[in-house]
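**Student:** Please see the structure below; I have some questions.
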Amino acid sequence: MAAQGATAAVAATTSGIVGEGEPGPGENTSVEGPARSPGRVSPPTPARGEPEVTVEIGETYLCRRPDSTWHSAEVIQSRVNDQEGREEFYVHYVGFNRRLDEWVDKNRLALTKTVKDAVQKNSEKYLSELAEQPERKITRNQKRKHDEINHVQKTYAEMDPTTAALEKEHEAITKVKYVDKIHIGNYEIDAWYFSPFPEDYGKQPKLWLCEYCLKYMKFEKSYRFHLGQCQWRQPPGKEIYRKSNISVYEVDGKDHKIYCQNLCLLAKLFLDHKTLYFDVEPFVFYILTEVDRQGAHIVGYFSKEKESPDGNNVACILTLPPYQRRGYGKFLIAFSYELSKLESTVGSPEKPLSDLGKLSYRSYWSWVLLEILRDFRGTLSIKDLSQMTSITQNDIISTLQSLNMVKYWKGQHVICVTPKLVEEHLKSAQYKKPPITVDSVCLKWAPPKHKQVKLSKK
C-alpha cells in the first residue's frame, strides 16, 4: 500500500486486469478440477407462518450468492434502496475477496430453520463425497495460483504486522460499497469496491456516467439530458496511438484535472487499494479507447508519475469489466513498456499488485521473455534482457524462476534453458501471444523535453 502522505492520484495498487483465459470475479476454478459446489441448492419454501430470524448488523448468516451457492456471510450494513423501494443488506462472504461483497435482498439470507436445514444437509452430503475422493496434495506454487484465481483473501495472520495494520485501517475506511452499479455507455456494470464519490453521490445505489467526459449523475433523467448537451466524443489531451479502431490518448492531470479526478473515482469502483484520488497533477494518464462512428469509447487506462523516484512506469492500471479477457489488459502493459523503451529506461508497476494484476503481468513478462529466448542464439544475460525489454532485472528473475529457467550460481543468477523447455512453455495457453499487440510504428510519442535532456547527458 502506498504511504498515506504520497502525492498520488492512483498510487496504491495495480489491479483490474484479467488475462485472457483467466477467470473473472466470481468464477470458480479449482485446483482439483470442476466439482459441484457445496451448498448449491434451490431455496426451499419455508413452512407457512414459520418465524424468521431478525437480521442484525455484525452477525453471520448463510447467504445465497449469484451462482446459487450458499456461503457464510457477515452483514456489514443495511439500507433502504429508494430507487427500487426495498430493504437491502450489505454482506461480506467469509474467506472471499472483498470484491465479491454485495447488497442483497432479505430473501437471499437463510433466516428460517427450513432453509438453513436444507443448505446444511446439502453441504454435509458434498463433504461426505469429497472425503471419499483420493487425497491429492498440491504444491505451494499451485496453492498460490489457486488462491489468486479464486480470490481467496489472505488472513491477517498470513501478513507481516505492518501490512496487517494497514490492511485493517484500509478495510475500516472502505468497508461498505454504497454504489452498487454504474451505467456508462452501453453497459451497466456491478461495482467491486467502495469509491469516495462526494456528498450524497457516494450513497446512491446506482450512478450514471458519461463515457466521454466521465461526469457522474444520480438520476437517469439528468444523464439523458446531459447526453444531448455534451460536446465531447473522445478523451481530452493528445491522441498518441491509432491503429484500426484502437486509439490511445495522453492526458496530463494538471491540464485536465476534473476529467482525471472523475477517472480515478470510476477506477476505484474496481480497485481495492487505491487510496488517493484528487491530487492528479503529478500524473499522466493514458486512456485506451475503441473508436466507431459515435466516438472514442473508454476501454481502460494506466497512469504514471511524471517523476517516479522508485522507477515505476505504471502507478495504476485498469481495464473496465466489459472489456476484460479480450487482450486489452496486456495491451496496456505492453504500451507502458513501449514508452519506457522510448525513454531508454527500465520500469516496473507500482507494488503491491492485485491478484489479477499479478496474473496479467506475469503472463505478459513470460511471453516477452520466452519469445526472445526462442529466437536468440548466443550468450544472453539478465542485464541484456532488461535492456532489450525495459523490464527490471528483479521482475525478469522472478519470472524466470516461475518458469524454472534460472539458477543461482557463484553469487549471480544465470539463465538456464533449452529450446525444448521454451517451446513447451510457449505451447501453454497462459503464455500465448496476446490477441492485441502494440505496433510501435503507430505510436507518435516522444519523452518530455526535460527527460530528453537527461537522456542526452547519459
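Here the Cβ of each residue, glycine as well, is placed from N, Cα and C on the backbone.
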**Student:** Taking Swiss-Prot at its word that Ile317, Thr319, Arg325, Arg326, Gly327, Gly329, Lys330, Ser354, Tyr408, Lys432 bind acetyl-CoA, choose the one of Ser308, Ser340, Ser363, Ser398 listed for that site.
**Tutor:** Ser363
**Student:** With Swiss-Prot as the source, which of 207-232, 259-284 is set down as zinc finger?
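**Tutor:** My reading of Swiss-Prot: the zinc finger range is 207-232.
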**Student:** If you check Swiss-Prot for phosphoserine, which of Ser37, Ser195 comes up?
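**Tutor:** Going through Ser37, Ser195 one by one, Swiss-Prot annotates Ser37 as phosphoserine.
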**Student:** Looking at 1-52, 53-104, which one is region 'Disordered' according to Swiss-Prot?
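**Tutor:** Residues 1-52 are the ones Swiss-Prot records as region 'Disordered'.
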**Student:** Restricting to the record's acetyl-CoA-binding residues (Ile317, Thr319, Arg325, Arg326, Gly327, Gly329, Lys330, Ser354, Ser363, Tyr408, Lys432), give me the longest CA-CA distance in Å as a whole number.
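**Tutor:** Between the most distant Cα atoms of the acetyl-CoA site, 37 Å.
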**Student:** By CA-CA distance, flag whichever of Arg325, Lys330, Ser363 among the binding-site residues is nearest to His226 (Zn(2+) binding site).
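**Tutor:** Looking at Cα distances from His226 (Zn(2+) binding site), the smallest one goes to Arg325.
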**Student:** Rounded to the nearest Å, what's the C-alpha distance separating Cys210 (Zn(2+) binding site) and Gly327 (acetyl-CoA binding site)? Just drop the number here, would you?
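**Tutor:** Between the Cα atoms of Cys210 (Zn(2+) binding site) and Gly327 (acetyl-CoA binding site), the distance comes to 24 Å.
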**Student:** Can you see whether DSSP assigns Ser363 (acetyl-CoA binding site) to helix, strand or coil?
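**Tutor:** Helix, per DSSP.
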**Student:** State the mean pLDDT for the domain 'Tudor-knot' (55-110).
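**Tutor:** Mean per-residue confidence for the domain 'Tudor-knot' (55-110): 88 out of 100.
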**Student:** Quick one: what's DSSP say for His226 (Zn(2+) binding site), helix, strand or coil?
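**Tutor:** Reduced to three states, the DSSP call for His226 (Zn(2+) binding site) is helix.
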